[in-house]
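**Student:** Quick one: the structure is below, questions incoming.
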Amino acid sequence: MKYQLVHPDSGEVIASGVVERIGDHDASVEHTQNGDTQNFSGAITNHREALQRALHLFDECGTDLRTSDLLAVGHRVVHGGKSFSEPVLVSDEVIAEVDRLSSLAPLHNPVNLIGIEAIRELLPDVPAVCVFDTAFFHDLPSHSATYAIDHEVAERHNIRRYGFHGTSHEYVSGAAAEFLDRDPADVNLIVLHLGNGASASAVRGGRAVDTSMGLTPLEGLVMGTRSGDIDPAIVMYLRRVADMDVDAIDTMLNKSSGLKGLCGENDFRTITSMVDDGDEAATLAYDVYIHRLRRYIGAYLVDLGRVDAIVFTAGVGENAPTVRRDGLANLERFGIVVDDDANAARSRDARRISTGDSEIAVLVIPTNEELAIARKAAALVR
Ligand code: ADP
């Protein structure tokens, strides 16, 4: 669980924290406020207790969130289904709908609800807002939102491509237009959000026209532990031939596939040094990752026709120069030329890493989902 106390206008981070290993006896909280870091370690049984711990650490640092003039609490909610295209104030109806959507995001929405209900109880006077990870992709053109399966089955079970990481794709698209000093309505972008989860999007004039994630966050790029695109027949084949049940296949594709499935590691720093040491499995994992990434870049170049910039963001996108170099190697004929020195330079700021004569700009733009959520929540409450 990650949280921030952030000023929505200035972006100033007053406090931030992360709770790890929730459900374990050796869970931990690291809370930083006004430059000081407080730690807790011990048992934390569930997400409700994690939130209580966090509020307690705010208290200990001299901020009682119950009496401070907190404008809103913004919750990141993974699946908004067809119902939510915009942030909404938390109400009984919204909670019921987020709960109903749990069947589409069984790993995420139930946990999001625990957080929403705990905050309702712990901070009853502060307005709470749900910001949906799917919202930016709610209005995808129907040709990219539709799976070519029996349309009656799809309709009955709400099967379509929803897309995820929307808050990040939207924030980064806006920041890229600002960086280029262009009106967002005139800018076409390919956004590559490469973290532990990874997704690509094609954005035309500030609106998403395609994205790599689908009904769930499993589709698309190779990720830390998720397979991304596979032949769907693999699922039936494993069911019939390997006698794996649906839950076992689900767990394999989500938790022990992707980079981890191929080389046993999902942290890109470890994989990069394994590749440098000549590890064969890590090299194959890296090559499969880059191959898939290039496929999506190619698809979106064609999809958009005119592209102004390709934007890298999130943990891997912001910090792994080899991924940016190899993902865009030998694309000069498509107007994409990465400047090796600019690419290799370390920085936390938004930056251009393409050469001056690269027709398509290549940018690294740090994502900031917390600030994006805070701004959306503040805008709605105000
Ligand atoms: P998420 O929010 O999806 O958990 P992040 O955006 O925080 O993910 O990204 C996590 C990934 O970023 C990890 O695979 C991590 O190895 C990678 N990463 C972080 N720093 C670096 C770095 N300096 N070099 C390469 N990869 C990095």
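Keep in mind that glycine also has a Cβ here, set from the backbone N, Cα and C atoms.
Just so you know, TrEMBL annotations never went through curation; they're auto-generated.
Worth saying up front: this structure is predicted, and the values here are computed from it rather than measured.
Sequence annotations record features per position, and here TrEMBL assigns active site, proton donor/acceptor to ASP133. For LYS2, HIS193, LEU194, GLY195, ASN196, GLY197, ASP267, PHE268, ARG269, GLY315, VAL316, GLY317, GLU318, ASN319, the entry in TrEMBL reads ATP binding site. What TrEMBL records for GLU369 is Mg(2+) binding site. Under the heading site 'Transition state stabilizer', TrEMBL lists HIS165, ARG226.
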**Student:** Counting Cβ atoms within 10 Å across all protein chains shown, which of the recorded positions LYS2, ARG226 comes out on top?
**Tutor:** ARG226
**Student:** Can you check what DSSP calls ASN196 (ATP binding site), collapsed to helix, strand or coil?
**Tutor:** coil
**Student:** Which whole number of Å gives the largest C-alpha distance between any two of LYS2, HIS193, LEU194, GLY195, ASN196, GLY197, ASP267, PHE268, ARG269, GLY315, VAL316, GLY317, GLU318, ASN319, the residues noted as binding ATP?
**Tutor:** 22
**Student:** Could you state the whole-number distance in Å separating the C-alpha atoms of HIS165 (site 'Transition state stabilizer') and ASP133 (active site, proton donor/acceptor)?
**Tutor:** 5
**Student:** Around ASN196 (ATP binding site), how many other C-beta atoms are within 10 angstroms of its C-beta?
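**Tutor:** Taking all protein chains shown, ASN196 (ATP binding site) has 17 Cβ neighbours within 10 Å.
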**Student:** To which of the recorded positions HIS165, ARG269 does the lowest count of other Cβ atoms within 10 Å belong?
**Tutor:** ARG269
**Student:** Report, in whole Å, the straight Cα-to-Cα distance of GLU369 (Mg(2+) binding site) from LYS2 (ATP binding site).
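**Tutor:** The separation of the Cα atoms works out to 11 Å.
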**Student:** Radius 10 Å, atoms counted are CB only; among the recorded positions ASP133, ASP267, GLU318, which position scores highest?
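**Tutor:** Per the Cβ count, the most surrounded site is ASP133.
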**Student:** Could you measure between ARG226 (site 'Transition state stabilizer') and GLU318 (ATP binding site) for me? Cα positions, answer in whole angstrom.
**Tutor:** 20
**Student:** Fill in the CA-CA distance, ASP133 (active site, proton donor/acceptor) to ASN196 (ATP binding site), as an integer in Å.
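**Tutor:** Cα to Cα, ASP133 (active site, proton donor/acceptor) and ASN196 (ATP binding site) are separated by 16 Å.
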**Student:** Could you state the CA-to-CA distance between the residue listed as 'Mg(2+) binding site' and GLU318 (ATP binding site) to the nearest Å?
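**Tutor:** Distance between the two Cα atoms comes out at 14 Å.
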**Student:** Go through the binding-site residues LYS2, ASP267, GLU318 and pull out the ones with a Cβ less than 6 angstroms from some atom of ligand 1.
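**Tutor:** Close enough to ligand 1 are ASP267.
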**Student:** Which ones in the same chain are close to LEU194 (ATP binding site), with CB under 8 Å and 6+ residues apart in sequence?
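**Tutor:** LEU194 (ATP binding site) has long-range Cβ partners LEU221, LEU293, PHE312, THR313, ALA314, GLY315, VAL316, GLY317, ALA320, VAL323.
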